[in-house]
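Residues annotated as signal peptide in Swiss-Prot: 1-26. Taken from Swiss-Prot, the feature domain 'UPAR/Ly6' applies to 27-118, supported by sequence analysis. Annotated disulfide bond per Swiss-Prot: 29-54, 32-41, 47-76, 80-98, 99-104, in sequence order, evidence recorded as similarity to another entry. The N-linked glycosylation site annotation in Swiss-Prot covers 105. Annotation source Swiss-Prot lists GPI-anchor amidated alanine at 108, citing sequence analysis.
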């Protein structure tokens, strides 16, 4: 049997196999737990069939150049916990990001803005002045 004959048999069999295969779609996400930076959160995982979202959750606290803490979590989820939350309290922030395509959670969720030391000092000064004016 010649190579051409083998190809004539092989190609239709391959085509039939490909057309008959059930297409499997598995979401792939990056995953990590309680990490301090995004470089440690680039581990790819294959999500379970029930998972429809890649999620990124981050929380940070600090002011000025003082970092009081930061944590980053990524993974697969059957639900989006909340549609892209960015809660910024000045000295602390919580962020969540959901997406539905493979490896879409590559980036870390935003760190949020942290208050500057002069801004905190001004707020404290104005609060003290207001208290002094209100006292009898």
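Heads up, the Cβ atoms here are built off N, Cα and C, so glycines get one too.
Just so it is clear, the model here is predicted, and its values are computed rather than measured.
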For the disulfide-bonded residues listed here (29, 32, 54, 80, 98), which one has the lowest count of neighbouring CB atoms within 10 Å of its own CB?
80
Provide the three-state DSSP residue tally for the domain 'UPAR/Ly6' (27-118): helix first, then strand, then coil.
6 helix, 46 strand, 40 coil
Round to a whole number and give the Cα-to-Cα distance in Å for the pair residue 29 (disulfide bond) and residue 105 (N-linked glycosylation site).
7
If you measure between the CA atoms of residue 32 (disulfide bond) and residue 76 (disulfide bond) and round to the nearest Å, you get 10
At the Cα level, what's the spacing in Å between residue 54 (disulfide bond) and residue 76 (disulfide bond), rounded?
5
Cα distance, residue 41 (disulfide bond) to residue 104 (disulfide bond), nearest Å?
13
Taking the Cα of residue 108 (GPI-anchor amidated alanine) as the centre, which of the disulfide-bonded residues listed as 47, 76, 80, 98, 99 lie within 10 Å of it?
none
